[in-house]
Amino acid sequence: MGLSDNSMGVLLAVASSAFIGSSFILKKKGLKRAGANGTRAGVGGYTYLLEPLWWAGMVTMITGEVANFVAYVYAPAVLVTPLGALSIIISAVLAHFMLKERIQKMGIVGCVSCIVGSVIIVIHAPQEHTPNSVQEIWTLATQPAFLIYVAAALSIVLALVLHFEPHYGQTNILVYLGICSLMGSLTVVSIKAIGIAIKLTLEGISQLAYPQTWFFFTVAAICVITQLNYLNKALDTFNAAIVSPVYYVMFTTLTIIASAIMFKDWSGQDISSIASEICGFITVLSGTIILHSTREQEPPPPVGTVTWYISGDSIKSPEDDHLITIHSSSYYEP
């Protein structure tokens with residue numbers, strides 16, 4: 001007996017998470033190697049394009065995205081999307097063993113909070129109507145509400161790129177990932193239009209003659225290139241165990257918002273579902289803050305530690321001298 005459509009969708013979604021979670025680690029290792037031999041991606045370098053390990057991560061990520069795309073053909077979004085959280089766990093475990101990136105206990109709590117919050121949002125997200133043609137999607141994409149979202153998203157991206165990146169890009173993870181996530185929400189809409197066009201064309205109803213099809217192709221290409229560029233900067237600058245969950249949370253949240261605005265599915269929600277979504281957003285926000293704060297925490301120096309470097313009558317470097325260290329604060333009492 002063959003697998004059911006839902007079972008096939010689940011298998012593809014799990015495989016997608018495994019590929020995507022692994023790709024973060026491969027790309028991170030490639031970026032480290034490239035940074036050791038040239039200009040780091042975090043400061044505008046592109047030497048990673050010559051690093052085979054980075055390309056292995058790219059191929060792995062593309063494979064995962066393709067598997068995720070096909071999963072939506074077999075299973076509903078409410079079943080497939082939450083499984084994307086598995087990529088967070090996979091990348092965190094691999095980062096622990098392969099990159100020696102330790103995540104603190106509170107970081108684990110933040111990671112779990114992000115996953116739980118994202119799952120709550122997806123489970124209670126409104127069901128979207130599947131368009132039957134590219135022209136129908138174009139009609140939805142040009143409605144005033146969605147045009148306002150697009151204008152707001154692009155305005156925020158421009159502000160992040162032109163103002164916040166030069167000042168805070170190296171210290172605040174939300175700058176790079178904010179750009180990735182906002183552009184990613186627009187990518188999903190374009191990819192959905194492209195998928196419908198391909199499906200209809202294979203069924204004998206060609207969509208290639210419509211200019212809207214090629215417009216969505218162009219938008220998707222621009223958004224994907226922008227996402228990859230800033231995702232590389234985020235991975236090169238911040239801990240991979242932090243980048244993965246924060247990116248997942250922001251991307252999932254903005255994608256749900258964009259889809260809800262475009263397809264007008266919020267009107268069918270009851271109070272219980274709306275309340276659950278709000279709780280999910282609060283949980284996600286809390287988890288993101290916890291994850292970001294644990295990255296910034298530094299272990300404080302021991303209280304009452306004094307070090308002398310003694311060599312006869314002069315003070316010299318520790319390489320040449322005896323090291324005497326006093327840890328007890330009682331030595332400072334008069």
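Cβ coordinates are placed from backbone N, Cα and C, and glycine is handled just like the others.
Automatic prediction, not curation, is the source of TrEMBL annotations.
The annotation transmembrane segment is assigned in TrEMBL to 6-26, 46-63, 69-94, 106-125, 145-162, 174-202, 214-231, 238-262.
Here the transmembrane segment (6-26) has Cβ contacts under 8 Å with residues 53-54, 56-58, 60-61, 63-65, 67-68, 70-76, 79-80, 83-91, 94-95, 98-99, 235, 240, 243-244 of the same chain, all six or more residues outside its ends. Scored by C-beta pairs under 8 angstroms, the transmembrane segment (106-125) has its highest count with 238-262, from the stretches 145-162, 214-231, 238-262.
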